[in-house]
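As given in TrEMBL:
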DOMAIN    12-114  domain 'Prepilin type IV endopeptidase peptidase'
TRANSMEM  6-23  transmembrane segment
TRANSMEM  30-49  transmembrane segment
TRANSMEM  55-74  transmembrane segment
TRANSMEM  86-119  transmembrane segment
TRANSMEM  158-177  transmembrane segment
Amino acid sequence: MSIDKDLIYPVFAVVCGLAAAVTDIRSRKIPNSLTGSALIAGLCLHLSLDGWRGLLSSLAAALIAGSIFLFFYVAGGMGAGDVKLIAAASALVGLGNTAPLLIFTTLAGGVMGLVLAAIHGRLLATLRNMLRLAVHHREEGLTPHPELNVSNPATLRLPYGIAIAAGCLLTLYTSTIRGFGL
């Protein structure tokens, strides 16, 4: 029995995502050595299994996902490690799985953020702050809000590596369903 090579990509992304989630929880940082290695592994894996077309797909996935998350970094909403991790995970899953990865990651991050706010008794304040952020960014563009950003030690912090790992797991799950024709 051979394993579908399209399942190999998300499996590698899950391994990367879980390793990043653990380090993000422990140190609140995602090391460049992890994201850089995962990015290179994704590019090489796609090149070796799918040739130049695979390499270009992997590179495009990393650039697209990294560019989308870069907006959140510039706006003060996440750290650079999160941007590099989503780019690396996207390079691993490839262009065909990047949209599901981004959707699942965003949904997981949103749910986790709301749960974290509720646990800390700050759900209503968080919802008000989301409105404040929307107004701020509408008026000021991508400049970070002076109070509501990751640099402010008073803000609730979510190790987003967990959300990215969850996105990788859900992407693997949906790839498995597609791979077995379910």
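Heads up, the Cβ atoms here are built off N, Cα and C, so glycines get one too.
Annotations in TrEMBL come from automatic prediction, not curation.
For the domain 'Prepilin type IV endopeptidase peptidase' (12-114), the mean pLDDT of the prediction comes to 97. For the transmembrane segment (30-49), the residues of the chain that approach it from at least six positions outside its boundaries are 5, 8-9, 12-13, 16, 19-20, 23-24, 55, 57-59, 62, 79, 81-82, 84-85, 87-94, 161, judged by C-beta separation under 8 angstroms.
Against the transmembrane segment (6-23), stretch 158-177 has more CB pairs under 8 A than any other of 55-74, 86-119, 158-177. Within the chain, the transmembrane segment (86-119) has long-range Cβ neighbours (under 8 A, six or more residues past its boundaries) at 6, 9-10, 12-13, 16-17, 34-36, 38-39, 41-43, 45-46, 54, 57-66, 68-69, 125-126, 156, 158, 160, 162-164, 166-168, 170-171, 174-175. Here the transmembrane segment (55-74) has long-range neighbours at 39, 42-43, 45-47, 80, 82-84, 86-98, 101-102, 142, 144, meaning same-chain residues at least 6 beyond its ends whose C-beta is under 8 angstroms from one of its own.
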